[in-house]
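Here is what TrEMBL says about this protein:
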| type | residues | note |
| --- | --- | --- |
| DOMAIN | B:49-370 | domain 'AB hydrolase-1' |
| ACT_SITE | B:SER158 | active site, nucleophile |
| BINDING | B:ARG228, B:ASP366 | substrate binding site |
| ACT_SITE | B:ASP332 | active site |
| ACT_SITE | B:HIS365 | active site |
Number of protein chains: 2
Amino acid sequence: MTQPDGDTLTMEHQHLVLDDGLVLECGVTLAPVQIAYRTYGTLSPTRDNVVLICHALTGDQYVAETHPLTGKPGWWSRLVGPGRPVDTDRYYVVCMNVLGGCMGTTGPSTPRPASGQASPEPWGTDFPPITIADMVHAQARALDAMGIGRLFAVIGGSMGGMLVLQWAASYPERVFAALPIATSPFHSAQNIAFNEVSRQAIFADPDWNGGRYWARGAIPARGLAVARMMAHITYLSEDALTRKFGRRVRQDPVGPAAGPLAPAPLFGEMFEVESYLRHQGSSFVRRFDANSYLTITRAMDYFDLGAEHDGDLAPVFAGTPTRFCVVSFSSDWLFPTSQARFLARALNSAAANVSFVEIDSDKGHDAFLLDEPDLDRTVRGFLSGAAEHAGLI
Amino acid sequence: MTQPDGDTLTMEHQHLVLDDGLVLECGVTLAPVQIAYRTYGTLSPTRDNVVLICHALTGDQYVAETHPLTGKPGWWSRLVGPGRPVDTDRYYVVCMNVLGGCMGTTGPSTPRPASGQASPEPWGTDFPPITIADMVHAQARALDAMGIGRLFAVIGGSMGGMLVLQWAASYPERVFAALPIATSPFHSAQNIAFNEVSRQAIFADPDWNGGRYWARGAIPARGLAVARMMAHITYLSEDALTRKFGRRVRQDPVGPAAGPLAPAPLFGEMFEVESYLRHQGSSFVRRFDANSYLTITRAMDYFDLGAEHDGDLAPVFAGTPTRFCVVSFSSDWLFPTSQARFLARALNSAAANVSFVEIDSDKGHDAFLLDEPDLDRTVRGFLSGAAEHAGLI
């Protein structure tokens with residue numbers, strides 16, 4: 001049993017509150033809704049230089065600064081900052097923690113309002129099911145509240161790329177340029193399957209306690225760590241795992257502190273790849289809420305932008321004024337190039353302005369977060385070209 | 001908490017006992033060793049028509065008859081039987097439950113001998129770590145006891161294919177023909193990683209109880225089910241999952257009996273692929289022992305046939321008299337064609353008689369167990385050709 005980290009739940013994040021809340025796709029009105037966000041750079045007098053960055057499943061708003069919980073650099077510091085491809089000397093960058101998240105935006109760990117209790121319980125699994133569209137609508141309302149109408153660009157990878165596509169579909173007039181990276185217009189059967197195993201790993205942990213883990217003063221750390229370990233394999237490629245670890249065995253036979261995981265090694269030597277995954281699993285549970293993981297993975301599973309048109313995306317983007325740059329990575333098997341190509345073709349069918357770049361990389365899905373000079377060049381080039389067309393220069 | 005199925009532990013299987021046991025690679029002498037096996041067909045007077053079939057991780061000796069626990073057809077009934085590719089009118093087929101297994105062969109669920117207790121406890125996690133070579137040596141001793149020296153052919157898929165390769169490496173003079181299918185001469189970093197997540201899912205289940213689950217009268221059903229669900233995704237291809245399930249939602253919103261898994265659906269609708277995986281996970285725990293799963297997955301992880309030669313297989317097979325047919329499936333990403341090709345090249349370098357067949361299939365790793373007419377033709381053709389050369393015809 002692991003005690004929850006007090007900081008996670010009590011720390012303050014920069015935020016705004018939508019008092020009227022949001023009518024969700026499921027029909028429930030969620031109010032109030034708090035949105036935690038960070039900004040970088042300076043908003044231009046004409047408010048025409050806003051770049052919205054959308055984070056992935058376990059990301060958050062701390063895109064380009066030291067993370068307040070982990071002390072690590074922002075998750076896209078490589079790409080976002082002064083002089084970087086998303087140049088904060090030029091653009092005003094906004095990043096928000098998604099609806100359902102656990103870094104200050106309303107989600108399952110938020111106290112449930114209007115329960116009449118002095119210290120209301122968190123929503124837990126009673127938090128309504130949300131969708132990627134709900135996340136985007138919440139961001140749109142938050143931008144309204146910030147006085148920001150049009151976005152020069154919306155950028156994101158993985159689930160963040162789903163939000164980019166939903167933004168372009170729901171608010172075409174507000175999105176000048178869209179950069180969906182390592183993503184798909186629908187969640188595949190294989191990805192739903194992996195998500196379901198993650199969820200079952202959490203459900204199987206008795207400390208999950210039917211979603212009411214706060215009642216036991218514990219968190220389902222073992223289940224969440226197992227979920228993260230499995231997900232982490234899907235973020236890498238076989239080549240990357242072989243290159244990084246191969247079949248090498250740890251020289252330190254005890255291995256790293258196991259955290260919530262079983263002591264190592266129970267069965268002989270420990271392979272380096274095992275040690276690495278254990279570390280990924282153990283460190284994750286200190287910064288992420290299990291019920292948020294359940295809620296957000298479910299939102300990803302629901303995502304199917306062409307659902308109302310039998311999977312056809314062309315009607316979704318017909319007449320779109322947005323210019324797109326679709327990016328995939330050759331070794332990404334979670335969001336493979338075939339899905340990006342399907343998206344690019346549909347955008348072409350819709351007569352959209354679209355370019356498609358498959359970046360050659362052996363780093364798998366995680367490539368969008370790692371040192372990939374071709375990605376830097378693509379982002380810088382697409383934004384510069386778009387800025388010229390937008391008259392930003 | 002799920003009660004163990006009394007039948008699993010108490011049912012009788014046809015077996016023989018090696019009283020002197022076996023010296024394992026780890027140095028421990030395991031004695032006695034019981035080997036459970038099944039045979040099909042008739043041993044020829046000259047004992048020259050023996051085909052040894054090696055099962056995969058969760059397979060067993062019931063290869064071509066109704067399974068005594070599940071009531072389902074034998075796992076390779078399609079391939080093995082009168083007139084089938086492995087023709088029991090012609091060959092004497094032997095299949096043994098592997099060392100470490102749970103269908104009658106000595107493994108972690110076997111009572112630990114010489115403990116002086118009236119009803120000794122099972123080995124549990126004190127069962128010594130075993131290797132694929134240990135499994136093969138045990139099979140060789142069992143065949144000795146059965147009066148069988150040379151094998152006309154050794155056939156197996158997945159882990160069974162590892163045993164085939166180990167047989168050819170350890171006992172080249174006893175193996176006339178070898179048919180390794182959907183396998184690899186070493187376990188990859190990615191496969192070790194998936195196995196480690198499986199193990200952690202089991203460790204995380206409090207009913208595992210440090211490996212002594214019998215003491216609680218329970219089995220770690222939730223952990224084992226999660227492990228099986230994840231593994232099952234790796235047995236299929238993305239195309240197969242899309243073809244079989246796509247993004248279809250179950251019409252019956254409650255879903256199937258969840259067994260040890262969480263009640264469904266906790267988060268809105270249930271996708272068909274989720275329902276399928278739950279079924280796979282829930283039904284598996286009724287027939288398989290968790291500590292066997294841990295022990296056997298570890299043996300697979302250790303497997304690296306070229307380890308003593310820096311990964312070079314040519315010295316392992318130099319001068320081999322065995323003829324090989326290496327088979328892979330185009331959509332198998334667990335044991336991809338690249339690994340089979342590496343094996344085939346090494347056998348060529350060793351001047352072995354080898355053919356290599358990549359079968360075009362969208363069924364993923366599981367293809368070796370499914371209806372694949374090209375596999376049937378390959379097995380039948382290779383065995384017939386070998387039989388001619390062996391003078392069996």
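Yeah, the Cβs are placed from backbone N, Cα and C, and that goes for glycine too.
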Open item on the list: Which recorded positions are spatial neighbours of the residue listed as 'active site, nucleophile' here, meaning Cα within 10 Å, out of B:ARG228, B:HIS365, B:ASP366?
Closed with: B:HIS365, B:ASP366
Task: Distance, B:ASP332 (active site) to B:HIS365 (active site) (CA atoms, angstrom) - done: 4
Task: B:ARG228 (substrate binding site) to B:ASP332 (active site) - Cα separation in whole Å - done: 18
Task: Inter-residue Cα distance where the pair is B:ASP332 (active site) and B:ASP366 (substrate binding site), in Å - done: 8
TODO: Could you work out which of the recorded positions (B:ASP332, B:ASP366) has its C-beta surrounded by the smallest number of other C-beta atoms within 10 A?
DONE: B:ASP366
Task: recorded positions listed as B:ARG228, B:HIS365, least Cβ neighbours within 10 Å - done: B:ARG228
Task: Cβ-Cβ neighbours of B:SER158 (active site, nucleophile) (radius 10 Å) - done: 27
